[in-house]
Amino acid sequence: MLLRGMVGIGEASYSTIAPTIIADLFVGTKRSMIICIFYIFIPVGSGLGYITGAGVASLTGDWRWALRITPILGVVGLFLLVFLCPNPPRGAAETHGEGVSEQSSYLEDVKYLLKNKTYLWSTLGVTATAFLSGALAFWMPTFLSRAQVSQGLRPACVEEPCDSTDSYIFGAVTVLTGILGGILGSGLSRWLREKFPKSDPLICSSGLLGAAPCLFITIFVASTSIPATYVFIFFGEILISLNWAVMADILLYVVIPTRRSTAEALQISVGHLLGDAGSPFLVGAISDALSKSKPVSPEWSFHSLKYSLLVCPVVGILGGLFFFLSSLYIIGDRKAAAQLVEAGPREPQDPSSEPPIELSNGDKTNHEDNLSQSI
């Protein structure tokens with residue numbers, strides 16, 4: 001419990017702080033690109049976790065060795081953070097390196113966020129996305145294994161180590177769809193944002209609404225065709241992965257720099273508590289309740305899990321509606337955040353240390369261009 005809690009602290013820290021550091025270093029389309037790269041590696045890491053874990057368990061005959069070997073990657077990450085990660089002033093990218101010095105209490109930050117309707121609705125959309133990711137990551141390899149047992153393609157596993165083929169394949173699919181979905185979502189955002197200011201939440205909405213029928217078909221086609229099941233898993237995960245970079249970018253430009261870490265922390269907390277932390281338990285609880293209604297058998301074990309997974313398409317539809325509602329407010333909230341950054345107080349400078357600088361006409365033009373790009 002203690003060690004697992006320490007892992008959670010590390011995950012919560014990077015998830016909260018890393019996007020805000022990126023926001024302080026980059027602005028405009030370059031920020032969107034860097035955020036895309038950052039969020040691509042989350043599903044890539046998740047997929048590689050399946051592959052590495054299954055491989056280590058197969059080689060050693062004990063799944064526990066996967067948890068003993070993978071922390072080596074954490075040491076590498078710690079080294080890179082300590083020696084290579086910068087810590088720019090909050091809002092440096094939007095204020096040309098000056099930073100935003102405004103201070104506020106945690107309660108003031110929360111009140112500000114509760115009035116930001118884009119943030120509230122998109123947080124519910126993020127929660128739905130996390131719910132789907134958590135449920136699929138936890139249960140899909142088991143579901144695929146039970147489907148094959150139900151079809152007579154594989155004997156039931158009664159003793160460890162069990163066949164880990166499904167974990168290998170599902171991990172590879174997760175890696176590939178994470179890369180493709182992240183690139184596609186970010187590319188659509190950069191292409192459409194100038195023409196359609198509401199495009200970002202609509203991309204997220206379309207991704208979840210499109211994933212819902214793919215997941216529905218996946219659940220029922222598994223009874224007859226495993227290859228077809230993987231095809232619809234592939235398309236469903238691509239559509240879910242459209243969201244990761246885009247929904248992070250939404251938060252960064254509708255919340256002012258000094259409150260972004262609080263916004264990230266609250267969004268991640270809600271997303272984990274109501275999303276990927278609870279979805280595996282909920283699906284499992286429904287499956288257990290259903291399985292008790294009939295005598296235990298491999299066939300009913302598969303069908304009880306199949307029916308419990310139907311909660312995923314429903315949540316996908318709800319998540320799509322949440323992002324659609326956020327699109328109704330995003331233009332106003334984005335303008336309000338940009339105006340607050342430009343009007344906010346700056347760190348006072350010592351007039352004796354540096355003479356005043358007057359912008360030439362060319363400098364003024366460049367400054368105005370940079371400002372319009374950041375807004």
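Glycine too: its Cβ is placed from the backbone N, Cα and C atoms.
Listed features, source TrEMBL:
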- 1-331: domain 'Major facilitator superfamily (MFS) profile' (DOMAIN)
- 6-27: transmembrane segment (TRANSMEM)
- 34-59: transmembrane segment (TRANSMEM)
- 65-85: transmembrane segment (TRANSMEM)
- 119-140: transmembrane segment (TRANSMEM)
- 168-189: transmembrane segment (TRANSMEM)
- 201-222: transmembrane segment (TRANSMEM)
- 228-256: transmembrane segment (TRANSMEM)
- 268-287: transmembrane segment (TRANSMEM)
- 307-331: transmembrane segment (TRANSMEM)
- 341-375: region 'Disordered' (REGION)
- 364-375: compositional bias 'Basic and acidic residues' (COMPBIAS)
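Stretch with the most C-beta contacts under 8 angstroms to the transmembrane segment (268-287), considering only 6-27, 34-59, 119-140, 168-189, 307-331: 119-140. Of the candidate ranges 6-27, 119-140, 201-222, 201-222 contributes the most Cβ pairs within a distance under 8 Å of the transmembrane segment (307-331). A Cβ distance under 8 Å defines the sequence-distant neighbours of the transmembrane segment (168-189), meaning residues of its chain 6+ beyond its ends; these are 32-33, 35-36, 39-40, 42-44, 46-51, 54-55, 137, 140-141, 144, 199-200, 203-204, 207, 230, 233-234, 237-246, 249. For the domain 'Major facilitator superfamily (MFS) profile' (1-331), the model's average pLDDT works out to 88.
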